[in-house]
Amino acid sequence: MLDIKQIRENPQLVQERLNSRSGKYDIEPILQLDRQQRELEGTRSQLQARSNEIGKIVGQKIKSGINSQDPEIQALRDEGNSVKATLSELEPQEKDLKAQIAQLVLALPNLPSDSTPLGKNEEDNVEVRRWGDEYIPQNPNILPHWEIGEKLGILNVERAVKVAQSRFVALVGAGAALERALIQFMLTLHTQAGYLEVSPPLLVNTESLTATGQLPKFAEESFKCADDDLWLIPTAEVPVTNLYRGEILAAEDLPIYHCAFTPCFRREAGSYGRDMRGLIRLHQFNKVEMVKFVEPSTSFDELEKLVGNAEAILQALRLPYRVVNLSTGDLGFASTKTYDLEVWLPSSGKYREISSCSNTIDFQARRADIRFKEAGKKGTQFVHTLNGSGLAVGRTMAAILENYQQPDGTVKIPEALQPYLGREVL
């Protein structure tokens, strides 16, 4: 959530930053309501001061011996009652204005950082670096991962669709074992890098989704329970970030690093007809997530480290990838700066997103009211939160099935993964 003070004091800058994003955002209604609310607050403050003054004057006069029924005292009391009646009318009006402002501010995305490239969409994303070109397979006859998966008997779409619907898959035998090995491998590398593993709830309440920015704007993209205020998580970022919602952390405990493996659930409402086959775009998929809580002065350095932690997985698996800095037109709602890691999929000859690493600065912390306090200092500050995939497990499987495909129709297991799987080939 943006700071209303920032909107009030720098309206032109805020509007310009919002205009650089995709979508249309107008802060003028917020500014108008804010002016009304502050005027009302000023009036209420003056009336409250007058009410206090009247009470003090009446008390002094009675103390000095003037009869409480004296016309002057009675007039003061009548004025005091009138002031209190007006105050009681203004209070709900001010409360309503604050609620309206809060709802409008909740609908605004984060402001892009100065180091986020200007652009209209993903075409304007800026490539930062590539890694592993020497590992790009030269075999011209590589099958798409869903075809080789079905040939090997490790991927069954037809039966999964029978059980659920389209955009679901069932992993069988060595496929299920490969997924389990990848999850263990990723968590091991992250915990070795200093992340504390957590196993969070897979269902969260509305307040949690609002805190991380999925609600109210993206309700149609999530699965909601019909009879409860619970939603299936779209990413572990939501429950892990909300573990600290409403808390004041000690500065000496920062930074806090967490990693978590969870299934994730997304309706993919805006993706009709895209990536209908395979493991790329599913309603249910597994992912290992990294989440950080850090001091504001360190958050952009922490973003670079976060990207490095995700890259370490791809490098250990010898999977070719590139890092791109997302443009303002492709930036996620809660993020001020995002790097996407895109893995090479030879069957399509394209790089595809496998990780998204974002710095939300104080945007989520402000919505979730997560603060920290330095010892010996007054007041608190909002922490900065970061999150990143480390990695999307299904997409990592897809990349292995294609990049490690052999001419004889088998798939070699990456050397780093072999101890976790107990085999060298599928």
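In case you wondered, yes, glycine gets a Cβ from its N, Cα and C as well.
Under the three-state DSSP scheme, E289 (L-serine binding site) falls in the strand class. The feature L-serine binding site is assigned by Swiss-Prot to T235, A236, E237, E289, S389.
There are 13 other CB atoms within 10 A of the CB of E268 (ATP binding site), with all protein chains counted. Residues or ranges marked as ATP binding site in Swiss-Prot (evidence: sequence analysis): R266, R267, E268, E353, I354, S355, S356.
Candidates R267, E268, E353, S355 (binding-site residues) were compared with E289 (L-serine binding site); those inside 10 Å Cα-Cα are S355.
Sequence-distant contacts of R267 (ATP binding site), defined by Cβ-Cβ distance under 8 angstroms and a gap of at least six in the same chain, are E220, E221, S222, F223, H283.
Take T235, A236, E237, E289, S389, the residues named in the record as contacts for L-serine: the widest Cα to Cα gap among them comes to 9 Å.
Among the binding-site residues listed here, namely T235, A236, E237, S389, T235 has its C-alpha nearest to that of E268 (ATP binding site). E268 (ATP binding site) falls within neither a helix nor a strand when secondary structure is assigned with DSSP, and so counts as coil. A 10 Å radius around the C-alpha of S355 (ATP binding site) takes in these binding-site residues out of T235, A236, E237, S389, in sequence order: S389.
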